[in-house]
Every structure is written in structure tokens, then in C-alpha cells.
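The structure appears below as C-alpha cells.
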Amino acid sequence: MNKLALQGPLWLASDLHLGPATPATAEAFLGLLQAAADEASALLLPGDIFDAWIGDDVIRAAPPWLAAVLQGIRAAAGRIPVYLGRGNRDFLIGQELADALGAHLLPEPVLLETDYGRILLTHGDEYCTDDSAYQQFRAMVRNPQWQAQFLAMSIPERLAMAEQARGESQAANQAKSMEIMDVNPASVEAALREADVDVLVHGHTHRPARHVLSVDGRKRERWVLPDWDCDHADPPRGGWLVIDRDGLQCFDLVEDED
């Protein structure tokens with residue numbers, strides 16, 4: 001399994017779903033980047049930073065909203081290590097983007113060796129095994145051959161395809177139960193058992209919480225990162241997780257501003 005040893009306070013945030021229609025969320029994220037650079041020893045972003053990512057070549061002619069976000073990440077990465085993860089929306093994030101930002105690609109899953117101990121980190125969609133249709137889609141788009149064919153298309157073609165896929169996904173999700181779209185408990189237990197860890201952190205489900213489990217007679221924890229929406233949600237929402245020698249603590253974006 002991939003391992004990453006990091007010391008000091010680690011900040012984690014995921015599921016920002018940044019795009020042209022999320023200026024307030026982007027502004028809040030830029031604030032997080034600045035705060036993390038001041039207070040954290042590393043920032044980890046395990047997936048769905050962007051609502052869609054059709055290939056790293058978009059940065060060569062980035063629209064204003066994207067250019068501002070990239071500049072914010074680049075500035076933070078100049079001060080602390082920043083790790084970019086791939087989610088179900090931005091699975092095409094690659095080395096070109098990481099290099100352009102001075103950031104690192106976050107392997108998935110990854111075993112973090114922290115001041116608090118060993119922690120398993122991943123985006124989380126791989127645990128939603130009850131949603132068989134999504135798992136088939138995930139396997140397809142993670143296939144290197146499919147990705148090569150997609151990236152060979154023009155940017156307008158890729159944008160149109162991504163928009164169509166997003167619409168189909170939203171329509172399909174409306175017909176699915178919330179339970180199907182959540183993680184499968186057996187999949188989570190298997191991951192904890194295989195990694196031999198007591199703490200799992202993931203995003204994806206947009207259900208921030210700390211779950212206490214018992215697996216093989218051991219107390220384990222599953223921490224779910226919050227999603228962000230400062231543009232369309234009322235009240236706005238978002239947050240991040242801090243891991244340090246004292247443990248894990250989740251901070252709410254709105255409460256922290258107050």
C-alpha cells in the first residue's frame with residue numbers, strides 16, 4: 001500500500017466542487033489555502049477539488065475563475081507541501097497540473113504516518129459498492145485506455161461529454177436511495193482490516209461525521225470530510241479536518257468565520 005509520512009499538523013479538505021458557478025466557494029477555499037499555509041505543515045485535498053476536470057491541458061488557457069484557484073494553490077504549495085487527490089469528478093488530475101502548481105499527487109488509497117499514528121486516507125467512492133452502476137462507471141473512467149481516448153478529444157468535445165455525463169449522473173442519483181450512495185459497511189471494515197489501522201478518513205458522500213466502529217474486537221473510527229457549498233446552500237457549508245499529535249478535529253467553515 002502507498003505510504004506517506006508527514007509530521008506536524010495536517011489539514012485535509014475535499015469535495016469543494018469548484019467551477020465557474022462557485023465564486024463564493026472558491027473565495028472561501030482561497031482563504032483556507034492561506035490559513036493552511038500559515039498554520040499547517042501540509043495540506044491534503046483528497047478528491048473532488050473541482051466539479052469537473054477534463055484534462056491538465058485546460059491550465060494552458062485557464063478561464064479567470066480557474067486561474068485564481070490555481071494561483072492560490074500554487075502560493076500555498078510554495079510554503080507547505082500540498083497534495084492533490086483524485087475524486088469521482090476530477091479523476092483526470094495528473095502530473096502536469098501537480099508540476100505546474102509545485103504540488104504532489106496524492107496516491108489512493110494512502111496510508112498516512114502522522115504524529116497521531118497510522119491513518120488510511122482515500123476519496124471514498126470505492127466503498128460505495130452497493131451502487132453497482134456507479135462502480136461500473138468508475139472502473140471505466142479509471143481505465144488508462146479510456147482516459148487516453150478521452151484526452152485525445154478536443155477540449156470542446158470533452159466539455160460536452162463531461163456535461164452530458166454530469167446530467168445523466170444527477171438524473172440517476174435522484175432515483176437512488178441515500179443508502180445505496182453511502183459507503184458499504186463491509187467494504188469499510190475490509191479496508192480497515194487490510195490496512196491494519198484504527199482510523200479511516202474519506203470524503204465523497206457529503207455526510208460529515210465521526211463514526212465509531214468495532215472491527216475484530218478493536219475500536220475503529222471513520223471520519224467523513226464535509227463537502228463545500230457557499231454559493232447555493234443556505235446556510236453555506238464547508239469545513240476541514242486537522243490531524244495532529246492530539247488526534248483529529250473537524251472545523252466548520254461558517255463557525256470558524258464567526
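Here, residue 1 is simply the first one shown, and the rest follow in order.
Using N, Cα and C of the backbone, Cβ positions are placed for all residues, glycine too.
Here Swiss-Prot flags Asp15, His17, Asp48, His206 as Mn(2+) 1 binding site, drawing on sequence analysis. With a cut-off of 8 Å between CB atoms and residues at least 6 apart in sequence, the same chain places Thr25, Asp48, Phe50, Asp51, Arg89, Asp227, Trp228, Asp229 near His17 (Mn(2+) 1 binding site), listed in sequence order. His17 (Mn(2+) 1 binding site) falls within neither a helix nor a strand when secondary structure is assigned with DSSP, and so counts as coil.
The Cβ of Asp48 (Mn(2+) 1 binding site) has 29 other Cβ atoms within 10 Å, all protein chains considered. Positions annotated as Mn(2+) 2 binding site by Swiss-Prot: Asp48, Asn88, His123, His204.
Cβ neighbour count for His204 (Mn(2+) 2 binding site) (all protein chains, 10 Å cutoff from its Cβ): 26. His204 (Mn(2+) 2 binding site) falls within neither a helix nor a strand when secondary structure is assigned with DSSP, and so counts as coil. As annotated by Swiss-Prot, substrate binding site applies to Asn88, Arg89, Asp131, Ser169, Asn173, Lys176, His204, with the evidence given as sequence analysis.
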- Task: List the other residues in this chain whose Cβ sits within 8 Å of the Cβ centroid of the Mn(2+) 2 site residues Asp48, Asn88, His123, His204, in sequence order.
- Result: Ser14, Asp15, Pro46, Gly47, Gly87, Arg89, Gly124, Asp125, Gly203
- Task: Determine, from DSSP, whether Asn88 (Mn(2+) 2 binding site) sits in helix, strand or coil.
- Result: coil
- In the structure shown, which of the binding-site residues Asp15, Asp131 has the fewest other Cβ atoms within 10 Å? Asp131
- Of all the binding-site residues given, namely His123, Asp131, His204, which is spatially nearest to Asp15 (Mn(2+) 1 binding site) at the Cα level? His204
- Message: Let me spell it out: for each of the binding-site residues (His123, His206), count the other Cβ atoms within 10 Å of that residue's Cβ, using every protein chain shown. Which one has the most?
- Response: His123
- Give the helix, strand or coil assignment DSSP yields for Asp131 (substrate binding site). coil
